[in-house]
Protein chains: 2
Amino acid sequence: MTHDPSGEDSLIARYFKPLATDPGAFGLVDDAAIIPADGDDIVVKTDAIVEGVHYLPDDPPDTIARKALRVNLSDLAAKGAVPAGFVLTLALREKDEAWLAAFARGLGEDAAAFGCPLLGGDTVSTPGPVMISIAAWGRVPKGRMVHRFGADSGDRVMVTGTIGDATLGLRMLTGRAEAAALADDPAAREMLIGRYRVPQPRNALAAAVRDFASASMDVSDGLAGDLAKLCAASGVSADIELSHVPTSPAATRLLSSGATSWESLVSGGDDYEILCTVPAAQCEAFRAAANAADIAVTDIGAIVAGTNTPRFRDGQGRPITLRRLSFSHF
Amino acid sequence: MTHDPSGEDSLIARYFKPLATDPGAFGLVDDAAIIPADGDDIVVKTDAIVEGVHYLPDDPPDTIARKALRVNLSDLAAKGAVPAGFVLTLALREKDEAWLAAFARGLGEDAAAFGCPLLGGDTVSTPGPVMISIAAWGRVPKGRMVHRFGADSGDRVMVTGTIGDATLGLRMLTGRAEAAALADDPAAREMLIGRYRVPQPRNALAAAVRDFASASMDVSDGLAGDLAKLCAASGVSADIELSHVPTSPAATRLLSSGATSWESLVSGGDDYEILCTVPAAQCEAFRAAANAADIAVTDIGAIVAGTNTPRFRDGQGRPITLRRLSFSHF
């Protein structure tokens, strides 16, 4: 009599046990895992991605795994935390071995690259879309997590990388007008699609955020909406120069030709960049630390007193009203 | 310009922020939560429940929330850990305010009752079935988590509560023959249904498990299959007396009348009892601690040398072959 020869246990043993090399994971043969805590605070975070909502059904499975983990790594980075591990809930329609093998390979490569080991999980069947929920945790020295609150009048508003590429990448994949506008530049299209499928979490910046930022969060639902959240949590407002918001050459071209708008770029989701506020006196040190970590940071405006929604101005200083700030599920 | 007035943020603010009273949750206004660690090990666990798979679509929403949390609390109890908090991923088809209000009420009551505060979460839309994934944390003194491995020849096999009620409860709800056999006893039917919908995790036994058990896990996929996993992890086998396996009066009646079988009871899922092994010399102290915690524990057999699947014997000592050990998703 054999036990569960082709069921979830063998699925886990085959695809995920090889990833669970951290001693706290006990090779996934136990019912729970251990995080040794040595006086640090443990920062915890959960984010889920759903087929057809956060990724497309025919996205390569390794990129789906990478995105599921990276959206959580991005939060840890913005909080100033060093990744310590994650657990995975995988809701699958059927057992597709080729899909699972590629998914597990991508997950394992990213877990190793970011130093964030798989510590456990749950695999369940669902008749509905595939869903991947990850809970991840990291460590910060006691009391040092960087919050959404803490931004103060006069602080500079800084953002990593470029904004709007991922939302354009989704439009490339769904055949929108933006795709036609880049018909002559397949490399640009591929870059944008890559930004949608595989975010680049800024974990190398975590220590600088911890050392210099007064408030911080990651940009996942749109820069404008996420900045509004940071300001609301901090009891402040902000003045943002849209012309200073960093964009990739592909996004810049689409902006120039009118194929996209600032509103689309700053309200579109999936950037997974860090948005943080840095006191003016710390900006030079923050920039130096970012340079040392090889991560681009851009000053896009200032925190100001007040509780109104952040103001956005165009290159001529004129206020722009955004009708839509961010992506919302409901 | 207002931000997200009816979207996921307001949903979270309305239903879940009131539950997030732990200081580490920062009122859910931040992107991550904190578990202060003071030298203890942090035990982590994730389990998900899916509509139509782990619960029925018309189950009362407060019971769905309780089940989602309790299946994780049950694991923490079996590992000897004291609950410390949890994060919630909620994948919903639509925003049904009445459903959400009842769900949040049940979740909040259980979080308070079990001392396991909500620390964060993610709410996503899905076209498919509702899914609730929870990752929960607990604390044990450093190095004291109780594993699946560690059972040794001669140890007694102990189980809490009664076995098989939940799988019978599901049969009551789905109109199987077992329901007809209890047509004259609505109280018994309700008891079985309650055991399916709202598990009773044995967190009050966690300290006793930590102090006296050589190996431990919770019974979630069927006693026979879960015992096989514990034995495999420990490199041992077991001899179990089916007539010693504790059953409720309702289950006993269905067994006597032939309306159910031992095989159904010990291979059915959703018991959420603790299965542990206790060295013979510790059994008296374990029983005393269980009595003090007001939790029934029953000796159902012995750990024996060998690596074969555990053997089950009937009341006359005859071996019984189980064709099916446990529930599997794939």
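Along the chain as shown, the residues are counted starting at 1.
Every residue gets a Cβ built from N, Cα and C, even glycine.
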Recorded Mg(2+) 3 site member, picked from A:D62, A:D75, A:D184, A:D185, that accompanies A:D31, A:D218 in TrEMBL: A:D75
Entries of A:T46, A:D47, A:H54, A:R148 which, being binding-site residues, have CA atoms within 10 angstroms of A:D75 (Mg(2+) 4 binding site): A:T46, A:D47
Mapped DSSP class for A:D75 (Mg(2+) 4 binding site), helix or strand or coil: helix
Distance in Å spanning the most remote Cα pair of A:G121, A:D122, A:R148, A:S220, given for ATP: 31
Spatially closest candidate among A:D47, A:G121, A:R148, A:S220, the listed binding-site residues, to A:D31 (Mg(2+) 4 binding site) (Cα to Cα): A:G121
Same-chain residues at least 6 apart in sequence whose Cβ lies under 8 Å from A:S220 (ATP binding site): A:D47, A:V71, A:S74, A:D75, A:D226, A:G269, A:D270, A:D271, A:Y272
PLDDT averaged over every residue in the domain 'PurM-like C-terminal' (A:153-307): 96
Winner by Cβ contact number (other Cβ atoms within 10 Å) across the binding-site residues A:D47, A:D122: A:D47
